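See structure below.
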């Protein structure tokens with residue numbers, strides 16, 4: 001026991017890890033924690049393909065409606081609100097899942113994020129858009145409005161398929177804590 005104090009070191013870091021800049025090693029550790037790899041398995045999933053279709057087709061519908069005088073009809077204002085809001089939310093959700101937020105934010109029910117509320121909102125926006133197409137009112141923008149209604153129908157189908165696959169993901173194994181416990 002006499003040689004115990006000579007074998008103990010009280011240094012908290014090695015001399016090689018010290019940086020000449022104050023806080024240099026802590027900045028490197030912070031940057032290493034922020035740099036997360038992309039989930040390539042998510043990109044190849046059907047849910048990611050549907051989300052990319054929702055983003056691209058929703059952007060096309062937004063641009064078609066925005067290129068018309070949509071402020072003259074209240075229905076087109078609703079269509080723009082739904083299209084822009086769901087486009088932003090879908091883009092944020094896609095990026096969160098792509099960068100692995102489901103491992104860091106475990107309190108969010110990720111399978112339920114593609115719920116049917118977006119499908120219902122887009123269905124109402126599509127119906128309002130399709131019912132408001134009037135060939136005699138805006139002759140110059142007439143082709144934009146039916147095209148926006150078409151893309152609204154396609155995006156509604158994409159959101160419906162996404163909600164269906166989210167439901168299947170939620171209903172499958174792992175949806176109930178009692179199913180995931182291992183008996184001892």
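Note that Cβ sites are derived from N, Cα and C of the backbone, with glycine treated the same way.
TrEMBL: automatically predicted annotations, no manual curation.
Because the structure is a prediction, the values reported are computed rather than measured.
These features come from TrEMBL:
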REGION    1-25  region 'Disordered'
COMPBIAS  7-22  compositional bias 'Polar residues'
DOMAIN    42-171  domain 'MARVEL'
TRANSMEM  48-66  transmembrane segment
TRANSMEM  72-100  transmembrane segment
TRANSMEM  107-128  transmembrane segment
TRANSMEM  148-168  transmembrane segment
Ranked first among 48-66, 72-100, 148-168 for CB pairs under 8 angstroms with the transmembrane segment (107-128): 148-168
Contact set, same chain, for the transmembrane segment (148-168): CB under 8 Å, 6 or more residues outside the stretch: 46-47, 50-51, 53-54, 57-58, 60-61, 64-65, 68, 79, 83, 86, 111-116, 118-119, 122-123, 125-126, 129-130, 133
Segment confidence, the domain 'MARVEL' (42-171), expressed as mean pLDDT: 85
